[in-house]
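Visitor: As listed in TrEMBL for this protein:
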- 35-497: domain 'Major facilitator superfamily (MFS) profile' (DOMAIN)
- 37-58: transmembrane segment (TRANSMEM)
- 78-96: transmembrane segment (TRANSMEM)
- 103-121: transmembrane segment (TRANSMEM)
- 133-155: transmembrane segment (TRANSMEM)
- 167-188: transmembrane segment (TRANSMEM)
- 200-220: transmembrane segment (TRANSMEM)
- 292-314: transmembrane segment (TRANSMEM)
- 356-379: transmembrane segment (TRANSMEM)
- 386-405: transmembrane segment (TRANSMEM)
- 411-432: transmembrane segment (TRANSMEM)
- 444-467: transmembrane segment (TRANSMEM)
- 473-493: transmembrane segment (TRANSMEM)
Amino acid sequence: MEKVNTLSQNVDVNDKHAADLDQALSVAGFGWYNVKYCLTLALFLISAIIEPVGYSYLLPAAKCDLNMSDSQRGIISSIPYLGVVLTSFPWGYLVDTRGRKKMIIYSSLGVGGFSVLSAFMPEMISFTICKTLSAICLACPAAVPYTFIGEIIPLKYRDVTLSVTNALQIMGSGLVPLLAWGILPLDFRVDFGAYEFRSWRLLCIAYACFFFLSTFLLSFGPESPKYLVSQGKHDEALKVLQIMYAENKGKSPDTYPVKRLNMPTVNKEKTSFLNSLKVQTLPLLKPPYFKWLVLNGFLLFGIMASLNGLYMWVPDVLNRVFSGSGGNQLTACGVIAQRVEAATDDTVCDDTIEPITFIINSISSTSCALIAVFVSVLVKFIGKKTLLIAVYFIIGTFCILINFVTEQFVFATLLSSLTLTGLGLGPVNAFTVQIFPTHLRGMAVSLTMMLGRSGSVIGTNVAGLMINAACEATFYSFGGLLILCGLLAFILPRAQPPAISKKTYSVRL
């Protein structure tokens, strides 16, 4: 009997070619198709982290032009995360009901467009309004690419791919100080009357351009096959799988062994918006999913409170420490306290950033990115749960040690290592993709990210208030939060074994 050999199965071509979606993905294999679309989707995640992290350089450079106080900077810095928290729910609904690709493209154009517009705003209020409109669109490209990636990757490669994607996002965050280093020192002023166009405005535009690039690349790609199946569009899903198979195997799409997808019937009756929203949400608020929603949300809360909240102040803190006096006799908090006491009301506004700040952040971001890539490759051997727990405990301990270090460069190393907290995003999202079914997955990822992003909002403002008033308590609090998350991570389920990739099945025509 004639056989067609695939990567991991032998499919009987004289039987009917039917398979479920995970089997069909396994037959399509992993290759160039998956790599190029994962890189494209990773670019959205990179764009989504550049936008808020970029505030850590934009706002110190813009504080004199926009007349911002430290407390106002803290509030404005939290706007992207607050926007994600408030809009994750509706974006999750739209993604599950209108499509992954379409919503990612529309939302990214919104983020990029309003961010470019903010670069031309003359004062703080109009700048804040534009950034708020941009933040409303940010939730989708900041979370949904994880879902999309998980739905185009065979189960066997899913955990590793999500971890590597997460490492690429960390690597992308390294572009923030590099771009700032290349643009902010430029000494030019273009007089527009109401304001002067300076280098920080150009940097704002440069950060926004990543959204336009990623949108352009994704516009050529197809929709997620899992989303198409969830909408009852089996033929369209099969075409996507055929393309995937052809590009991965270097064969004609017609030779794809699977000819029919075994999927449950989809109810196509039109329902009202509220009923549809109820169907998408209520199952997540009941057993068995509610406990996982809360747990994954809190684990992301701990990561983002440190990664986006405390880390947002890293360039400012480094700038204060390395431009201050005290040598190696004082801890970082001692130097900060010294500078706070020396400040007076008539101090001239200074928006310069020390070159050493750019250098340290660029080196640390690049180093952390390389470490992230290396660790992500190892996740297949150590497991995503082990990686997650290790990240929480190691970075939490580093955070606490900051209070005891008097050597400036050791302090800078410990503080800069906060970037590695981002290694936990991939595993937590991988668990979310594993735990929740396809028709609830987009909403689940969005809601857990919403809970996580609330940590960014709280972390940014708490760190901004506490750095001056209770510096040591700041690092004890954030370090303790990470260690608590590490203990809770033991509750997570075991990873699903990729048994499907080893299964031999027959299909009938």
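Keep in mind that glycine also has a Cβ here, set from the backbone N, Cα and C atoms.
Note that the structure is a prediction, hence the values are computed from the model and not measured.
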Visitor: With an 8 Å cut-off on Cβ pairs and a sequence gap of 6 or more, do the transmembrane segment (444-467) and the transmembrane segment (386-405) reach 3 or more such pairs?
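Guide: Output no: the transmembrane segment (444-467) is apart from the transmembrane segment (386-405).
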Visitor: The transmembrane segment (411-432) and the transmembrane segment (103-121): do they have three or more Cβ pairs under 8 Å, with pairs 6 or more apart in sequence?
Guide: no
Visitor: By a Cβ-Cβ criterion of under 8 Å, what residues six or more beyond either terminus of the transmembrane segment (292-314) are in contact with it?
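Guide: Contacts with the transmembrane segment (292-314): 52-53, 55-56, 77, 81, 284-285, 361, 388, 392, 395, 399, 415-416, 418-419, 421-422, 424-425, 428, 431-432, 435-436, 444, 447-464, 467, 474, 478, 481-482, 484-485, 488-489, 491-492.
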Visitor: Decide whether the stretches the transmembrane segment (133-155) and the transmembrane segment (411-432) have at least 3 CB pairs under 8 angstroms, with pairs required to be 6 or more apart in sequence.
Guide: yes
Visitor: Hey, does the transmembrane segment (78-96) touch the transmembrane segment (356-379), meaning at least 3 C-beta pairs closer than 8 angstroms, sequence gap 6 or more?
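Guide: Contact absent: fewer than 3 Cβ pairs fall under 8 Å.
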Visitor: Please tell me whether the transmembrane segment (167-188) and the transmembrane segment (200-220) touch - that is, whether there are at least 3 C-beta pairs under 8 Å between them, with each pair 6 or more apart in sequence.
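Guide: Contact between the transmembrane segment (200-220) and the transmembrane segment (167-188): present, because at least 3 Cβ pairs are under 8 Å.
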Visitor: Take a look at 37-58, 386-405, 411-432, 473-493 and tell me which one has the most Cβ pairs under 8 Å to the transmembrane segment (200-220).
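Guide: Stretch with the highest Cβ contact count: 37-58.
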Visitor: What average pLDDT is reported by the model for the domain 'Major facilitator superfamily (MFS) profile' (35-497)?
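Guide: Summing pLDDT over the domain 'Major facilitator superfamily (MFS) profile' (35-497) and dividing by its length gives 85.
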